[in-house]
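K.L.:
Got a structure for you, written out below as structure tokens; questions coming shortly.
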């Protein structure tokens, strides 16, 4: 690396701060990690504003008389599309109802295109897209500039056709983005990728804006002089600081909105529950307990959360506290069943609690009762919801093949049902493994 290039050190320091920050959040501050990675919170708005900044910078470059202007015009259009997709084209902001077509075919029932192929449902197309994207990011952000530096083909040919290459010092952003995009530990790390990638593209655009003023191709520059390097370093910090402030301000404004605020609170609560399960899966019982307890504070009638707290406290070596949670779950289940005696969900929930209490006969009685009620409900009103609960009851009673058929029938009656899709995928995987 050329001497006296402070912008490179500034950029690497920023990269280290971002990665260390996410790691520290994940290990010690789970609520901050949720804010930094979950939908409609600071992390997602940071992504939106970074893509927006890349779009604006590339638009400026597209107006310059440089060989790469057409590629930057395409990149600006691509970033415009990404920004639109990230905010579902203003659907939630302006309270626009999801059209029927998107409700049936979009994996998150939102008005965007990318969730036709990606989303909470695992699929071959999603995995293929993730690996192709990771390979493309690595090829463009590392291999392409490296080959340019080594004066190798076909990189020189592409560059001669006006394809811009990222400065090589940005390679950590691209490589880390590619790794996180694969979601190998399933901890929302793909959201980190969607922050690192637009940041790297914005910094690339800043470099090209300087070359446009120099009227000299980036490939012919061995480095910036000290004055311009310092300027680029200041621009890097200013860009990131501005984006963070905008993201925090937008999140706060949405949270304080009478309409959007409750929706964001609900998603945040949903995020706590999901991440509690993830920490539980990783064996971090303390954080799992903290998150489940926070969910329980907001929803004290959740018997399923109480059962998870029983399991977590058992693993933590606190049988007395675990027993209290399980007794509380039993009480909640019994009270709910008294109010909803014909509820399939109530019988199944109480059966799960009795299983943990080792009351096998009582559990079996309620599982059988849930199946009888579900069959009666389907006869009375055969729709996606009643058939779904019939599938749940069949599965609970060990009739896996019939349950899978019922889940598929539920999906036919209620196209786009995420819970049915997830159940079909889960049961299909279990049957393959058996």
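The first residue you see is number 1, and the count goes up from there.
Backbone N, Cα and C atoms are what each Cβ position is placed from, and that goes for glycine too.
Because the structure is a prediction, the values reported are computed rather than measured.
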K.L.:
Between 237-258, 259-280, 281-302, which stretch does TrEMBL give the note transmembrane segment?
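P.N.:
Among 237-258, 259-280, 281-302, the range TrEMBL annotates as transmembrane segment is 237-258.
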K.L.:
If I go by TrEMBL, the feature transmembrane segment sits on one of 192-210, 211-229. Which?
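P.N.:
Transmembrane segment, as annotated by TrEMBL, spans 192-210.
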K.L.:
Would you please say which range out of 92-110, 149-167, 168-186 has the annotation transmembrane segment in TrEMBL?
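P.N.:
Within the set 92-110, 149-167, 168-186, TrEMBL attaches transmembrane segment to 168-186.
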K.L.:
If you average pLDDT over the repeat 'TPR' (384-417), what do you get?
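P.N.:
Averaging the confidence scores along the repeat 'TPR' (384-417) gives 94.
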K.L.:
If I count Cβ-Cβ pairs under 8 A between the transmembrane segment (168-186) and each of 12-33, 45-63, 128-147, which range comes out on top?
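P.N.:
Most Cβ pairs under 8 Å with the transmembrane segment (168-186) come from 128-147.
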K.L.:
Cβ under 8 Å to the transmembrane segment (192-210), counting only same-chain residues 6 or more beyond its ends: which ones?
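P.N.:
Distal contacts: 11, 15, 18, 22, 37, 43, 46-47, 50-51, 53-54, 57-58, 60-61, 64, 66, 68, 72, 75, 79, 82, 137, 141, 164, 166-167, 170, 173-174, 176-181, 218, 224, 228, 231-232, 235-236, 239-240.
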K.L.:
Could you pull out which residues elsewhere in the chain have a CB under 8 Å from any CB of the transmembrane segment (237-258), counting only those six or more residues past its ends?
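P.N.:
Same-chain residues near the transmembrane segment (237-258) but 6 or more away: 10, 14, 40-43, 45-46, 48-50, 53, 93, 199, 202-203, 206, 264-265.
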K.L.:
Go through the chain and flag residues at least 6 beyond the ends of the transmembrane segment (45-63) whose CB is under 8 A from any CB in it; none is fine as an answer.
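P.N.:
Distal contacts: 69-70, 72-73, 75-76, 79-80, 82-83, 86-87, 191, 194-195, 198-199, 201-202, 205-206, 208-209, 212, 239, 242-244, 246-248, 250-251.
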